[in-house]
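The structure under discussion appears below in the form of structure tokens.
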Amino acid sequence: MNTRALPLYATIAIFLIAYLLCWLQFPNILSTRVIGNLLTDNAYLGIVAVGMTLVILSGGIDLSVGSVIAFSGVFIAVVLRDTSLHPLLVFAMLLAITTAFGAAMGVLIDRLAMPAFIVTLAGMFLARGAAYMLSIDSVPIQHPFYKALQSTYYLMPGKGRLTLIGMVMVLTVIVGMIVAHKTRFGASVYALGGGEQTARLMGVRQGRTTMLVYAFSGLMAGLSGIVFSIYTGSGYSLATVGTELTAIAAVVIGGTLLTGGAGYMFGTLVGVLTMGLIQTYIVFDGSLSSWWTKIVIGILLLVFILLQKGLLKLSQSRLSGAS
Amino acid sequence: MLLSVQAMTKTFPGTRALDAVDFDLRAGEVHALLGENGAGKSTLIKCLTGAYHRDGGTVTLDGAQITPRSTVEAQELGIGTVYQEVNLLPNLTVAQNLMFGREPRRWGLIDGRAVRARAREVLTSYGLEIDVDRDLGSYSVAIQQIIAIARAVSLSGKVLILDEPTASLDAAEVRMVFDVVRSLRERGLGIVFVSHFLDQVFELTDRVTVLRNGQKITTESTADLDRVRLIEHMLGRALEVEVSDQSADETYHRRPEMLSFRNFGRRTVVEPFDLDVTKGEVVGLAGLLGSGRTESAELMFGVRSAQTGEARDQTGKLDLSGPRAAIAAGFGFAPEDRKTDGIVADLSIRKNIVLGLQARRGWARPIARAEQNRLADDYIARLDIRTSGREKAIGDLSGGNQQKVVLARWLAMNPRFLILDEPTRGIDVGAHAEILRLIRELTQAGMSVLVISSEIDELVAVADRVIVVRDRRHVAELSGRRVTGDEIMRAIASDDEEGDAA
């Protein structure tokens, strides 16, 4: 069997076991209402984690996404408040901005041969600063189109609501899976994560691929910002602080190797849902402090890092045993 | 003529790496390209594969002049290259690696099934029936190397350049790769073969071209060439008989015993062994890759601690619980993988030399800069390290000179017992002989040396006594007149107990 898929199976198994344990205590947790809420509440995180997965697969990291989400919310809210543009047009403008922002970071990372950590850290401050410049207050979004978006849902059997933003998240994951696993661009991303020099020798256009990876992450961050603004109905420059780290955690819990080159897009969805499930459990329990979410996520992260190290050891010892 | 290079010239600041070199390659031949490090082999190859741009001369492939600007372009023109370190991605599957960049697509998306089918098809023609859906990294280096060859051939298909493809393979794996190369020769490819292993050159190649100092010395049919003449071409001087009668010296066991290891071993690593080392002796350790040679050395140096037995010298028991303890006991160890375990590539020669000495003194007592300079200059002169100065980064030196710096580091600490694991691996013939001579000099000054090598000739030349390791056991000890290539081979190859004269 391929050891590469083991972290993914482990992720899925942990999610299912966790769900089973929750279900034994609270049978209601299996209702479509809970599932619908799980998707809705984590929609923005899931979307941004899709972009983050691709970045991490390429061997990089994108710390700017949390700030970009906040910027997006403020940008939409301020533009809608001050102009009479239709929200769809504003969305298009925003996505163009965030994609270009990501692409610019990608170009810098490639051209200056700078660590992605530093460049995107600068991007994080820049985007957050830009959000403050637009407004330091929470700006409500009153546009009627927003009301329509917020109340669009598909009623699942059992009265669960699959909201628009939940659907967007699921669609994004599917698009992410296609991009990562079914295109030559995706193959180039894995190749870069496996080794830059080798990838170049195999014909990967490193500059173009790096730029596209961060552009994709910027696009996802912008989309996530739109979804977040629909979810909260406002734009606030202090929102989603630290979301980039939560997204990285979701990606790693989803079984993707933090050093790049190995992982699955689907695993990231499971990672996001696992983190959402912990939160849901705490809500159901009612007596637990929400800090338990962080503690459990911390433990899960540690378990996954150990698991990946262990698998690496295992495959190495198997190799030396075979030869 | 499939490929013809005429008057190729390439200059780097300060050196002329290639000086009007001619080289030609027929379809259906394996053509060895030989020379010491710095002779211009790799420059020639890099000019052919587009990694460098030549300054002058012409390259004609299939009757058309070409000037590749990148490795990818050279590939498209028909020149594929396989390097010593497998240049494929261990994190992708075999099929993905083989088809990378030209995956069959359906509706614009990669058709995974077709990728696997095509990959399987390609590998079957190489006699390789493996699961193409597993990660490349889960296969042995030999299989990875064959997959790399398969990829290079399917991408280019006219000329295949093999740059030291066998450096990290054991004998059986080398045979496997050679079978593939021979079948490609029958298919009509022109193959350029670069290797340090002269045995392999004689076994595999049809013609030999020797470069020296950027100039072509000769191109001859391999069958017309003998080993001595080939080495003379490479070195540009007649080989001194420096590798002959040293092992005839049988007086060593009258010399005082310096170190003795008794029942020394560690479970699953090396079975307990006894070993005595006398003052000024060179002990060779022979065996196949993975037989426990390196592990024995690591045990003695405390890289892994021994579970059983003890080591003692005349004064009593030695503490070898770790490298620090071993160094304190007067041991030194130059490991096999020089690049990762031996040198600090970004630091200067001077810093690399004083590293060990400084570590022993502790950080609180820094070695004065003048003293460091004196040490560095002294060893650069003594070991004939070829460099433009002591402040040059060691990573920029050739393999042989790096090895000399590693030696210098240990010599500066004046050990009594020095372990050298494959001291001549990846080093050109000239430096090779120099290092062997150096080992001799050291022992004459009273130091004892343990040399691990997979080149039997080398052990015969340098060692007073050879221990043969097989299957993690010390199975034979040869000394005096019995230190011959045949005897060592026999001891390595025999798999019953009767050859085990100790």
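Indices start at 1 and increase along the chain as displayed.
A Cβ is built for glycine as well, from the same backbone N, Cα and C atoms used for every other residue.
According to TrEMBL, the protein carries these features:
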| type | residues | note |
| --- | --- | --- |
| TRANSMEM | A:6-26 | transmembrane segment |
| TRANSMEM | A:47-80 | transmembrane segment |
| TRANSMEM | A:86-109 | transmembrane segment |
| TRANSMEM | A:116-136 | transmembrane segment |
| TRANSMEM | A:162-180 | transmembrane segment |
| TRANSMEM | A:211-231 | transmembrane segment |
| TRANSMEM | A:290-307 | transmembrane segment |
Listed stretch, out of A:6-26, A:47-80, A:86-109, A:116-136, A:290-307, that has the most CB pairs under 8 angstroms to the transmembrane segment (A:211-231): A:47-80
For the transmembrane segment (A:162-180), sequence-distant contacts whose Cβ falls under 8 Å of one of its Cβ atoms, 6 or more beyond its ends: 36, 39-40, 42-44, 46-47, 50-51, 53-54, 57, 149-150, 152-156, 186, 189-190, 216, 220, 223, 227, 230-231, 264-266, 268-269
Recorded stretch, among A:6-26, A:47-80, A:86-109, A:116-136, maximising Cβ pairs under 8 Å relative to the transmembrane segment (A:290-307): A:6-26
For the transmembrane segment (A:116-136), distant same-chain residues with Cβ under 8 A (at least six beyond the ends): 55, 60-64, 66-68, 70-71, 73-75, 77-78, 101, 105, 108-109, 214, 235, 237, 244
Intrachain residues whose Cβ lies under 8 Å of the transmembrane segment (A:6-26), provided they are six or more past its termini: 253-257, 262-264, 266-267, 270-271, 273-274, 277-278, 280-281, 284, 300, 304, 307-308, 311
